[in-house]
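To start, the structure itself, in structure tokens.
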Amino acid sequence: MDFELEPTLESIVEHDSLKWIFVGGKGGVGKTTTSSSIAVQLALSKPNDQFLLISTDPAHNLSDAFCQKFGKDARPVEGLPNLSCMEIDPEAAMSDLQQQASQYNNDPSDPMKNIMNDMTGSIPGIDEALSFMEVLKHIKNQKASDGDSDEKTVAYKTIIFDTAPTGHTLRFLQLPATLEKLLGKFKQLSGKLGPMLNMLGGGQQQDIFEKMNEIQKNVSEVNEQFTNPDLTTFVCVCISEFLSLYETERMIQELVSYNMDVNSIVVNQLLFADNDGSCKRCASRWKMQQKYLDQMAELYEDYHVVKMPLLGTEVRGIDNLKKFSKFLLSPYDPEKDGSLVFDMEEK
């Protein structure tokens, strides 16, 4: 390229049409801090809009990051009312699904009742499926807010996902296309077997088929939105080490194969130890980090590569997140901003 892209996420924060922002990477690289920081900057820059940060990682950390308890329902962040957070709890959601399945009807001989119970049993990838159900719900809310619906729904301008480690995230992003094909086949099958199932199930199956049609439409819309760069983008998070860089490259290749927009990488935990001669370990580690930063500069010359400092304490609480997140928009300068490394409030 003839020019270097800004090493910031300013283009994402200022983007006016983004509906979905995914933040992902290897475990332990700072995904939650990064996703929380992006959400905070979005909320600060657009105070008249509502934003939602969802954790799809079974090991929820949003409550720890904001020092505030979150659950399966969206709750506003204290001190930043136009940002809400929620943590999807797969076990609780599975329990609800099984309860609904057991109450499907009171006829123990109904074959559909057993099918529903089996479907809500031990399903591989249930974390991803439940996360996707949450996406479908918000797609429905978008439609309700765009129309004349009387339902009290909150239409969030942008939804940010604090995702599970790479493997879970990639399975989650495959779901729309996979489900779209599966529902299409199920629709064909239901057309052939519908009359027989209605005889067996007392006519209740018609409701299921109607719901399947509605789900298929919503899934198709999600698939379209996820592959539209004006609506969806993915932010990769890594640290400047070999394994993390390797995982990032693998993830980017996968995302490109899904036709998803990805042009931003956040590199966390950098030491910036050029003038730290008193700490040999810091200097040695910074030298190693610089080696991988140089490799990233070659590999990702057409990406926004954001370099974030390693701090002296954890980034917890809304005040600390506000301080730290500003470096997503204005590059960290160790000469000017070095004091911030030890300036965070202990929580």
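Glycine residues also receive a Cβ, built from the backbone N, Cα and C atoms like all the rest.
Quick look at what Swiss-Prot lists:
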ACT_SITE  Asp57  active site
BINDING   Lys26, Gly27, Gly28, Val29, Gly30, Lys31, Thr32, Thr33, Glu241, Asn268  ATP binding site
BINDING   Cys279, Cys282  Zn(2+) binding site
Spatial separation of Cys279 (Zn(2+) binding site) from Thr32 (ATP binding site) - C-alpha basis, Å: 29
Pairwise Cα distance for Asp57 (active site)/Lys26 (ATP binding site) [Å, integer]: 12
Euclidean distance between Cα atoms of Cys282 (Zn(2+) binding site) and Glu241 (ATP binding site), Å: 14
Rounded inter-Cα distance in Å - Lys26 (ATP binding site), Cys282 (Zn(2+) binding site): 23
Most distant Cα pair in Å, residues Lys26, Gly27, Gly28, Val29, Gly30, Lys31, Thr32, Thr33, Glu241, Asn268 binding ATP: 19
Gly28 (ATP binding site) and Cys279 (Zn(2+) binding site), distance between Cα atoms, whole Å: 24
Nearest-integer angstrom distance between the alpha carbons (Cα) of Gly30 (ATP binding site) and Cys282 (Zn(2+) binding site): 19
Listed in sequence order, residues with CB under 8 A of Cys282 (Zn(2+) binding site) and six or more positions away: Leu271, Ala273, Asp276
Residues that sit under 8 angstroms from Gly28 (ATP binding site) by C-beta distance, when 6+ apart in the chain: none
Coarse DSSP state, helix versus strand versus coil, of Gly30 (ATP binding site): coil
Most Cβ neighbours inside 10 Å, all chains, among the recorded positions Asp57, Glu241: Asp57
